[in-house]
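Have a look at the structure below before the remarks.
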Amino acid sequence: MAEPIEPVPNEKISAGRGMGKCCRFHWRGKLTVIVPLILLPMLIHGYTSDLPEIVCLYLLVIMAIFWITEAIPLYLTSLFPIMFLPVANFLSSDDVAKHYFSGTVVMFYGGLVVALAIEYCNLHQRIALKTIILVGCSPRRLLCGCMLVSSFMSLWISNSAGTAMMCPIVKAVLNEMESEKIFDVFMTQEEEPMEEGEPAHLSKVAMSFYFGVAYSATVGGCGTLIGTGTNLVFKGIYENTFPSSKEEISFPLFMAYTVPLVVIVNMICIYFSLLITHMALFRSGSKTGQALKKATDNKDQVEVVLRQRLKSMGPMSCHEIQVVIVFTLMILLLFTRKPGVFTGWSSLIDAKPVGTSSTVCFCVILLFALPTQYTFFKYCCGKAPFPARTIDSLLSWDFLHRTCPWGLCFLLGGGFALAEACKVSGVTKYIANSMSFASKMPLVSVLLILLMFTLFCSAFTSNVVVANIVLPIYCELAFHMEVHPLLLTLPTCLITSLVFLLPVSTPPNAIICGYAHIKSKYLMRAGLLPTFWGLLLVFVNSISWGMVVIPEMKSFPDWAKEYKNKTRGHIIDKLTLYDT
């Protein structure tokens, strides 16, 4: 006869529940203490064995774990180098701090400020409505119009800002579709059960608009240096690691490399992927296909609604016109600073080298210097009474202070400081030497493996974090294999952004999931094909069109050979104090 099971005391049950709740709600605090303690033997071994690369690797692993788990906020984790590197005798406090507001960081913030100026005057809504009306108002053409606007804006502003601007516009369009009964915007209870208080789930057709906006913003952001943070991380790490490089990562050169295949062809592939998976392309007899056929027949109703919305905005104000002028001026100055095809304006100025950060800052200052209107001229020679209210500038500092993500300065700067420490301490060389087997493999195979590895990492954590960690390693690996560093770093930089599988993969993914309450399972299904296209096109671009734009990538350059020989002695000189 089986023995009776003894009842578990209530104290043990409550203790177990208490421990479970403690681990559930306070795991971040525990992780911040446990991780450094577990890795402490690595630090001790580095100091006792005079291995500076192991000491720096201790910081790298801790920051990577904290960045991935977000046990500490991303921005605060990025401040670790300021505390650790001077104490470890790798870099002085001044050398570390200058990375947190370098020219690359200033360039990023300048582009972000211009984007906020466009949002501040509602210029983005006018651009979107005019483009959508021009392209057409059937559902498939509406999707095309939204994607075109989103990708174009993300070329010149950050992709997260472009997505945030487009989401309200997409929502307004879908609301009109719902009110006019053009097509079903939400799923039924049978298609996707909803719990009480849970918002209604969007239909496949409606989700395709948000997916199209997010994906096109991400792809568009890959087209320019200021389009996404990972591009600026690449520029900063490459220029800091190879100051003697003859191939400057200029604005026109970067666009020439990325726009034809990585942006334009990729946009076309993503558009048709969404049409096939969400808009029943080639399946006109399906339920979705019949609904879209009916919606296409009623496209005139949609166009009337959009035209009314555009008309209600009135003609372009002086405020909007001036923002367009400043925006256009910024693009022209960035293109003509050092185009390579002809002598740029920076070469004509008898001064120190003028970087892109100076160009962007000039436009930012204009936004605060120019008034929204010029009615004050009539009061210059007039008589009292004069208006008591001051005239606003094109951009309000209060609005900028509230909406600008200042913490990104720490995230970018922390990555640059960590990359510099890895170079000085020899961490990148240490890891690259452990990957020496790659030198025996075909270069094409190595590139494909690096792209797939980087894509996998970016699927589960912030792409800026991944770029900060892997790009310095790939720079050193290129030296070890004696190939041009751009051949390994530029494609892997681009692939960090072209991951569409999870909300955490890219900022636009997270924005649409939070704004439209889209579940991760729908995002993953929709993102499979676009992620595949991104991987394929970046790989093809790097071995074909990229070689045409930057022919120097075909061989190991002379400056790299000289730099490789000097680096060994340079690292030893940097660490003499550490060794003593």
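Using N, Cα and C of the backbone, Cβ positions are placed for all residues, glycine too.
Feature annotations, reproduced from TrEMBL:
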type     : residues : note
TRANSMEM : 25-44    : transmembrane segment
TRANSMEM : 56-80    : transmembrane segment
TRANSMEM : 100-121  : transmembrane segment
TRANSMEM : 254-277  : transmembrane segment
TRANSMEM : 317-336  : transmembrane segment
TRANSMEM : 356-377  : transmembrane segment
TRANSMEM : 443-474  : transmembrane segment
TRANSMEM : 486-505  : transmembrane segment
TRANSMEM : 526-550  : transmembrane segment
Feature contact check the transmembrane segment (356-377) with the transmembrane segment (56-80), CB under 8 Å, 3 or more pairs: no
Range from 100-121, 254-277, 356-377, 443-474 with most C-beta pairs under 8 A to the transmembrane segment (526-550): 254-277
Contact yes or no, the transmembrane segment (100-121) and the transmembrane segment (356-377), 3+ Cβ pairs under 8 Å, gap 6+: yes
Remote residues contacting the transmembrane segment (254-277) - C-beta distance under 8 A, at least 6 residues beyond either end: 140, 143-144, 147, 151, 155, 204, 208, 211-212, 215-216, 219-220, 222-225, 231, 490, 494, 498, 525-526, 529-530, 533-534, 537-538, 540-541, 544-546, 549-550
Residues of the parent chain within Cβ reach of the transmembrane segment (443-474), under 8 Å, 6 or more residues beyond its termini: 60, 64, 67-68, 74, 228-230, 233-234, 237-238, 241, 411-412, 414-416, 418-419, 422-423, 427-428, 431-432, 481, 483, 485, 487-489, 491-493, 495-499, 501-502, 504-506, 531, 535, 538-539, 542-543
